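As written in TrEMBL, here are the features:
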BINDING   Q8, P9, T10, G16, N17, G149, E150, D151, I192, K201, M202, S203, K204, S205  ATP binding site
BINDING   D137  L-tryptophan binding site
MOTIF     9-17  motif ''HIGH' region'
MOTIF     201-205  motif ''KMSKS' region'
Amino acid sequence: MRIVSGIQPTGNLHLGNYLGAIRNWVRMQDEWTAQGHDCLFFLADLHAISMPHDPAGLRANTREMVAALVSCGIDPDKSILFNQAQVPAHAEMQWLLNGTARMGWLNRMTQWKDKAGKNREGASVALFTYPVLQAADVLLYQATHVPVGEDQKQHLELARDVAQKFNNDFGSEDAPVFTLPDPIIPPEAARIMSLRDGSAKMSKSDPSDMSRINLTDDADAIMQKVKKAKTDPEPLPATIEGLEGRAEARNLVGIFAAMAGVTPAEVLVQFEGKGFGAFKPALGELLVETLSPMATRYRELREDIEALDAILCKGALKARDLAAPTLARTYEALGLVRG
Ligand code: TYM
C-alpha cells in the first residue's frame, strides 16, 4: 500500500486545502508510516506552469508551501516530501502516457473547461494535458490511495482509465504495469465553498481574499472574514434538511463540523434557533484555536530557506529511487530501447 498526493504551489494554503486534503495527509502519514507504508506528498510545480505565472513568485511559493505543509504536520522524517521538478521521472512518465490517454477523455475534464473558458485556442497545451501529468504522478509510484478533495475526483478517474488501458495494451493479466489508485475523499469536507459565494469552491485563484481563510491569516483577519462571510437572515434550523437551498449557511455549518470533528447534524443540535450573530463568533474562535499554532510555526519555518531546500532535496532523492523501477518497466513495455 502506498499513499501519493500533491498540491500546487500557486499561493497560500487555504482552509479548503487543509480540510479537503492536508488534514487527511497528516492522519494517513501518522497511521500508515507506523505500519511501514510509504507516504509521498509533493508540490505540483510542473502543474503550476500550465497557467500564466511569474517565475520569481513560483520559486517563493514553492518554499512557502513546504513550510506550510510542515507546519500543518507533514513530517519530512516520516513522509517523502518533494517537488516534481526535482524528480524528472514525472515529466518522462507523462510523455510515455500521452500515447495512451485519449483526446476525448481530456476534452471532458471539467477543470479544463472551467480554466480554458471560451478561449480554448489561447489555452496552453499544458493545461489540456495536465491530467496526464497527474496520472503520471500517481502511477509512477504504484499508488494505492490518493487523498484529495472532491474537485480532483475526475482527474483520479482519468488516471485509473489511463492505467487500465495501458495495462490492457502493454501489460499482461498476471503482470499489470500499473496499480489502479483509489481516491480518498473526506465525507465532511470534500468541498469547502467560498465565504462570499456558496456556489463556488474556496480557491486560491479567487481574486477576493475575503472569500477564503488562509493558513497565514492572523486571528483578527480570521474573525473579520468569518464575520463578513455571506449568510442569510434566518436562524439555524434543527436538522440538515432545513439547510436545503441555503448554500452559504450549509458551508459554514460544514466548516464548523469539520473543524470540531463532529457531524453537521450535531452542530445544529448545538445551534438550533440561533442566528449567525451567535454562530459566527463561535466558528471564528474555533478556527483561530486550530489554525493559530500552525500559522505561528509557519512564520518561523518560512524564514529558513536552506532548511526548506534541504527537505525538498532529501525527499527528491527518495522519490527518484521509488520511481525508477516503474519508469524502467514502462519504457520496456512500450518497446523503447535504452541500452
Ligand atoms: P490543488 O493544489 O488545487 O489542491 C490541493 C488539494 O486541496 C484540495 N482542495 C479542496 N478540498 C476541499 N474544498 C476546497 N475548496 C478545495 N480546494 C482544494 C484539492 O482537492 C487537492 O486535494 N491537480 C491537483 C494537484 C495534483 C495532484 C496530483 C493531486 C497534481 N498531481 C496527483 C493528487 C494526485 C491540484 O491542483 O490540487
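Glycine residues also receive a Cβ, built from the backbone N, Cα and C atoms like all the rest.
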Completion exercise
One should report the C-alpha separation between M202 (ATP binding site) and D137 (L-tryptophan binding site), rounded to whole angstrom, as 24
Practice task
Rank the binding-site residues Q8, T10, N17 by the number of other Cβ atoms within 10 Å of each Cβ and report the first-ranked residue.
Solution key: N17
Practice task
May I ask for the residues of the chain that lie six or more residues beyond the motif ''HIGH' region' (9-17) and have a Cβ under 8 Å from a Cβ within it?
Solution key: 43-45, 48, 51, 53, 58, 61-62, 64-65, 68-69, 72, 83, 149, 191-192, 201-205, 212-216, 255, 287, 291
Exercise for the section: Taking ligand 1 as the reference, state which of the binding-site residues Q8, T10, I192, M202, K204 have a Cβ closer than 6 Å to one of its atoms. Expected result: Q8, I192, M202
Handout entry: Candidate with the highest Cβ count within 10 Å, taken from the binding-site residues D137, E150
Key = D137
Completion exercise
Taking DSSP helix as H, G and I and strand as E and B, the motif ''HIGH' region' (9-17) has 3 helix, 1 strand, 5 coil
Exercise for the section: Using only the Cα atoms of Q8, P9, T10, G16, N17, G149, E150, D151, I192, K201, M202, S203, K204, S205, which the record gives as binding ATP, return the largest interatomic distance in Å, rounded to a whole number. Expected result: 19
Exercise for the section: Compare the Cα of D137 (L-tryptophan binding site) against each of the binding-site residues Q8, T10, E150, I192 and report the nearest. Expected result: Q8
Fill in the blank from the handout: Reduced to three DSSP states, the motif ''KMSKS' region' (201-205) has 0 helix, 1 strand, 4 coil
Completion exercise
One residue among the binding-site residues I192, M202, K204 has the fewest other C-beta atoms within 10 A of its C-beta, namely K204
Practice task
Sort Q8 (ATP binding site) into helix, strand or coil using the DSSP assignment.
Solution key: coil
